[in-house]
Every structure is written in C-alpha cells, then in structure tokens.
Amino acid sequence: MATDELRTPLTTGSETGSSFIKACFNGTNAFLGIGLLTVPYALSRGGWLSLLLFLLIGLISFYTGILLKRCMDSSPYAKTYLNIAEQAYGKNGRITVSIIINSELYLVTVGLLILEADNLHKLFPNFSIHLFAMDGSRSFLILTAMLILPSMFFTDMSLLSYVSATGVASCLVIFASIFSVGAFGGVGFGYRGQELVNLGGLSTATSLYIVCFAGHPVIPSIYTSMKSQFHFTKVLLVSFFITILTYMATAIVAYLMYGATVESPITLNLPSNQVAGAIAIYTTLLIPITRYALMMSPVAASIEGALPQEYANSTHVRILIRIALLITTVVVAYVFPYYETLMAIIGSIFVVLGSFIIPCLCYLKIFRSRRRWGYETTAIILILIFSAAAAIIGTYSSILELFSSSE
C-alpha cells in the first residue's frame, strides 16, 4: 500500500538491518514532532496536574506499541500497519485504516500551512496582499503554498525523507531556544497565574497531548528494519523516554515563562528581535517546507491507486493530483486558520484511532482464540473506554472551539 512509503524509517541500516542506536533515532523521530509547539498551550489549558494525564497517555501509547509488535510476531504477513489491520479485519479493515491514516496526514499538512503562515506573520506583521482584502496570516498562506509548490513536482520522496529526518534536531534546537529566551532574554521563569488544574480546558489539553504520540503507523517499519528485533522493546522504551522528557521539559519551561498567556504554537510568544527567539522561529519555518510534500505523498499515492492504470502511471496526472491537494489544503487553512483547534481535532479523532483504538482492536481480534479474561484484557478494555471518552469529549469541545473562533 502506498501509505507505507511514508511509514518507513527515515534512517535504515544495511542489508543486515538497523542498529540499536539507529532504531532508537527512528523511533524518536517518529514521535517527536510538531506536537512540541502545542504541548505548552495544552499544559496552560489543563493546569499542572494535567501532566499526570500526559504521562498516562505516554504509557498507553508505549503499551499499544508493544501490542503492535505482538501482532507482527503472530504472522510473517503482518509486517506493516495496514497488513496488521488486514490480518485482523480483512480487506475492509485495511481500507478503513488507510482512510484514517490519509485523513490524518491531510489535516496535518493543513496544520503545517497554518503554522508557517502564523510564524511568517509574526516576523513580518505589516505584510499583506491587498487582493481580496486578505489579512497578514492569510496572505502568508498563499506565499507558503508558492514556496511548497516546487516540491510537489517530485514524485520520488526519498530525498525529502532524509531532509525531514532533521526533525529530532529541530525539536531540540527549539527547546534550547525557548529555554534561552527564559534564562537570558529577560522573560524569566516566574510568571504568576499558573493553575493547578483547569477542568474546563482538560478536554482540549487531552487532545493536544494525544497528538504528541501520533507515530504508531511507523512502528512496524522500525521493527522490521532492526538488525536485532529482540531489542525492540528497549528501543521503544528509549524512544518514548526521550520523547516524553522533551515534551514535558518544553511544556514546563514555557508555562513557567508565560503562564496562561502561552500561545499555540509557542513560537508566537517568543521575541523575534532576540537571537534565541529568532532561531526557534526560523527553525520552525523549515518544518512545513521540508515535510509537506513528504506527508502528502501517501495521500496522493492512494488517489493514484484508485485510478485506471494508464492514468496512475502518468507523471502529469500524478503532478496534477499533488497540485490539487495543495490547493485544497490552502483553502481549508484559509477558511479555518486555527492551529491549536485543528491539532486538537486531529488528536481526538485520528490519533486516538491510529495509536490507541486500532492497535487494541487488532490485538484482540488476532489473539481472540488464545485470549482469556485477565489483567491484560482488562487493561485493554480500559484503554478502549478511555480512548472512546477522549475521542467523543475532545471532538465535541474542539468543534465548539472551531465554530466559536470562526464567528
């Protein structure tokens, strides 16, 4: 399936497989991403105690990653995320999961456009395109699309996949820059007004926390690429430890700096006239440019797969599909330019499904003949209940915020 092209690790080993270190890098790169920019806002919405919820979500994500490993071990065929779904629920399961993954990727690319436009507007607040009376942020949406357009002519994404592998380094640079602004930029870490818990914002915080663990479709590729698959659990543990530590450190530092005034993305709070703030903002600007085409490629490939063979193999048709997808994402971002709300919707619907619900359901189905009611089954049922509650409440509150913001 074409979706799996994106889901292969960004760094692979030799013919004998990836080493432990490379596998850890791949795992960290899969989970440490643009969620870093919204996790401080999530903490400001949920309060300090919501960090316990973040840890719980991280623990659940780790456990569902282990469930995917067990599903892969059950059959030589189940070596990709979509193959696991097909083994459990047949062709319809594969198609359903493919739709979920591609929908998530499509909305993430919309978020990348909004992220780029918001940060460019912060750097150049007086810029606007007067045609159709567009404001600054919406003007930068058009410019961002023009910058991304050349990358849509490349149907081979192998080069861009290596460029996007800088994701871990980018996140570490952003964290270091945020800390530097607080420590040396005159902001400090003593902002008054932090809350212990904010029940009203807890659903939004939960959805944004869940977005941070959206890498489960990559897990099978990391597992199958390893030289010594026996150490996969340790790889997953190291990857989650680094990911959780980085997310929590960023959230805590930013919340201590800005309290309830934290914005989403956090770069909107940073002073662009200071070196550290400018580094964080310009590093963030690279993310959409380097990742948009790569993330949109599986969506385009899925559409191509549904076309007759003579059209699917046409380079012109493939390029037109990618340009059309770019235009539609610009339109969506133009109509609903609310980054934090979009990320919350992605978390409460698609990441809940892809990282929590689908791994649990596939595991229960594949091992149904050996399954006895016990601690593990009880834990899986509780995860499914938590996931369903997070999806329903999070989606409802996110949609309410979306419509209230657009009024």
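Quick reminder: no glycine exception, Cβ is built from N, Cα and C everywhere.
For 17-399, the entry in TrEMBL reads domain 'Amino acid transporter transmembrane'.
Residues annotated as transmembrane segment in TrEMBL: 20-42 (among others). If one looks beyond the transmembrane segment (20-42) by at least 6 residues along the same chain, the residues whose Cβ comes under 8 Å of a Cβ in the stretch are 9-13, 50, 54, 61, 108, 111-112, 115, 165, 167-168, 171, 174-175, 204-205, 208-209, 211-215, 218-219, 222, 225-228, 231-232, 234-236, 238-240, 242-243, 246-248, 250-251, 253-255, 258, 262-267, 284, 287, 339-340, 343.
The transmembrane segment annotation in TrEMBL covers 48-68 (among others). Sequence-distant contacts of the transmembrane segment (48-68), counting only residues of its own chain at least 6 positions beyond either end whose CB sits under 8 Å from a CB of the stretch, comprise 31, 39, 42, 81, 84, 194-198, 202, 205-206, 209-210, 212-213, 216, 219-220, 223, 233, 236-237, 240, 243-244, 247-248, 251-252, 355-356, 359-360, 362-363, 379-380, 383, 386.
Residues or ranges marked as transmembrane segment in TrEMBL: 95-115 (among others). For the transmembrane segment (95-115), same-chain residues at least 6 beyond its ends with a Cβ under 8 Å from one of its own Cβ atoms are 1, 3, 6, 34, 37, 81-82, 85, 89, 141, 144-145, 148, 214, 217, 265, 284, 287-288, 291-292, 295-296, 298-299, 302, 325, 329-330, 332-333, 337-339, 342-343, 345-346, 350-351, 353-354, 358.
Positions annotated as transmembrane segment by TrEMBL: 161-184 (among others).
Residues 3-4, 7-9, 18, 23, 26-27, 30-31, 33, 35-36, 38-39, 41-43, 45-46, 50, 53-54, 57-58, 61, 64-65, 68-69, 72, 78-81, 83-84, 101, 104, 198, 229, 232, 235-236, 243, 247, 264, 340, 343-348, 350-352, 354-356, 358-359, 390, 393-394, 397-398, 401 of the same chain lie 6+ residues outside the transmembrane segment (204-223) yet bring a C-beta within less than 8 angstroms of a C-beta in it. Residues or ranges marked as transmembrane segment by TrEMBL: 204-223 (among others).
Note on the transmembrane segment (235-255): residues 20, 23-24, 27-28, 30-32, 35-36, 39-40, 42-44, 51, 54-55, 58, 61-62, 65-66, 69, 171-172, 174-175, 178-179, 182, 189, 191, 194, 212-213, 219, 222, 226, 262, 266, 269 of its chain, located 6 or more positions outside it, place their CB under 8 angstroms from a CB of the stretch. The transmembrane segment feature in TrEMBL is assigned to 235-255 (among others).
The feature transmembrane segment is assigned by TrEMBL to 275-294 (among others).
Annotation source TrEMBL lists transmembrane segment at 319-336 (among others). Only residues 6 or more beyond the boundaries of the transmembrane segment (319-336), in the same chain, are considered here, and those with a CB under 8 A from a CB of the stretch are 106, 109-110, 113-114, 117, 138, 141-142, 145, 148-149, 152-153, 155, 293, 296-297, 299-300, 303-304, 342, 402, 406.
If you look up TrEMBL, you'll see 342-367 (among others) marked as transmembrane segment.
Residues annotated as transmembrane segment in TrEMBL: 379-399 (among others).
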